[in-house]
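Q: I'd like to ask some things about the structure below.
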Amino acid sequence: MADLSCIHLFFLCCLFLKFIPQGNASMFHTAFCDNKEGNYTANSTYNTNLNTLLSSLSSHTEINYGFYNFSYGQNPDKVNAIGLCRGDVEPHECRSCLNDSRVTIKQFCPNQKKALLWLNTSKCMLRYSPRSIFGIMEIEPSQSLMNINNVTEPDKFSQALANLMRNLKGVAASGDSRRKYATDNVTASSFQTIYGMAECTPDLSEKDCNDCLDGAISKIPTCCQDKIGGRVLRPSCNIRFESASFYENTPILNPDVPPPSPAVAIPPSINSTSPKVKQHEDDDEIEIAQSLQFNFDTIRVATEDFSDSNKLGQGGFGAVYRGRLSDGQMIAVKRLSRESSQGDTEFKNEVLLVAKLQHRNLVRLLGFCLEGKERLLIYEYVPNKSLDYFIFGSGQRLNIHIPLKLMAVYADPTKKAQLNWEMRYKIITGVARGLLYLHEDSHLRIIHRDLKASNILLNEEMNPKIADFGMARLVLMDQTQANTNRIVGTYGYMAPEYAMHGQFSMKSDVFSFGVLVLEIISGHKNSGIRHGENVEDLLSFIGGRVLTPSCSIRYENYSFYEPTPMLYPPSTLNTSSTNSTSSQGLGWNRVRTTRPTLHLGIKVEITLDDLNPATVWETTTKGDTNVKWHLRIDP
């Protein structure tokens, strides 16, 4: 019986390959139904959530870039889904394909909690799971298909194909968070041309996309050696090659207008289109606005009339309340202050833009509500508290001691189950990825202007999600200008040029990110550090004391280092200094011109030298000996 249970646990329930004649072409559906995550019954909450989610596909008209992720319900019955259309598929065809998928996938997989479907000659893919799947590379289950015809010159064909797929892999992986897709063709001989395609789900990082496509390409010799065509399908990526063209010209995404300076945020440009296409786009925008607008009475009931018991917090833009809709879905409602002079139409337009921003490290905006002077923003509900609770909460703070330029952190055993070093690194890189998306990869360029620990929410898997992005647009602040008379943010996190002169840019956010990293590492707030009789801020206290980069962590129950001379304090740092410390690499250098871009900031690395973090944290509870961490960061 034990053997049968083991087999059942890892059993891939079914694989269907169904050919349907249609004209001169063939369509196929490939479905994977996985029992590993368990099954559901017709009357279960999971089935109700799944049906609700799949039914909503037809109304999700904001699927404009061929990729969409969505979830519904609460754990353990939460359903997470991803839809992907091939990069050459037009938006209306993409929506139609995904709409068909919602019916077909349940026909193939009627009771499995985890399922995947490739529909209509691989034009679209739909998958769902009770686990979080957004931003996570998955290579199994996979399927390889081949054209039965052989090539005429195998050696030349194989070499040309290898070069083509290698180039496509690089182009696809370097795509942005809207599309990671590439097509091209190459001449293998005087008689034969190879057409190729590579695609990843755009929620993957460049490295994960590269790795996924590498694995898919490596299957070609096994599945399709000396064949004129083949494809490899994986949950997170897919490739295909043929001797005849099988793809259309890639639809052009509305590009960002090149900003006059990094500080400027400009909406996407409107391409010149025919009246018919323009009317179709206008109709889509109206449908999107209608699908995003909530009834005020619905939100009032969900929040129990904005009761104090449901109040989650008070921010600079208004109070936030927890709510539960009639179908059981949990939401977070931000009740905006009434100071904005923005008109209703303008507010709706800004909501439409911000709602299209999708990234695993951003809190998702679900919709809005307008009622008289009331303006509400409805967000996904993130069950864990904000990051500041975990790193500054009562009895959960790390103690810090910095002798000269050495940072030695004494681990608090009460935190071992929540924020070990691996978890802190995960949070740091997650915030960096989210911020990089806002700055570079989204169809807007959003400068946050209030990045801090309390604006980083943690989901049930402790993945960080940036909150309050785009608020400057939603309350009619002058987000598109490099200077502002209204300073909104939190002192201690603000870059000097913003706090003193109102000058903001992407590097203002990078400064705030650097401060946040130091707080995550040290466990101390950026203000109120007592050093002898003096009270300093964290930047001044650490400035000049942080190690020069060496990319290592070491721990011992005894001191293993010698004091080192002081480095230059922050007040003497300048662009000509040769004593570059990791404080500059972290992004909080007070001189804006020497502050790195986020491309550098995201390269912060904490290396564990193959030590088991769990073992290290367990050591802290033995006896009265504190484990001393000798922490060095490589920017």
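Each residue, glycine too, has its Cβ placed from N, Cα and C.
In TrEMBL, annotation is done automatically, which means it is predicted and not curated.
So TrEMBL lists these for the protein:
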BINDING   Lys334  ATP binding site
DOMAIN    28-133  domain 'Gnk2-homologous'
DOMAIN    139-246  domain 'Gnk2-homologous'
DOMAIN    306-635  domain 'Protein kinase'
SIGNAL    1-25  signal peptide
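In terms of burial and nearby residues, how do these features look in this structure?
A: Lys334 (ATP binding site) falls within a strand segment according to DSSP. Applying an 8 A CB threshold to same-chain residues 6+ apart, the list for Lys334 (ATP binding site) reads Gly315, Phe317, Gly318, Ala319, Val320, Leu376, Leu377, Tyr379.
Summed and averaged per residue, pLDDT over the domain 'Gnk2-homologous' (28-133) gives 86.
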Q: For the domain 'Gnk2-homologous' (139-246), give the DSSP counts of helix residues, strand residues and coil residues.
A: 38 helix, 35 strand, 35 coil
Q: Write out how many residues of the domain 'Gnk2-homologous' (28-133) are helix, how many strand and how many coil, based on DSSP.
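A: Helix, strand and coil residues of the domain 'Gnk2-homologous' (28-133) number 33 helix, 39 strand, 34 coil.
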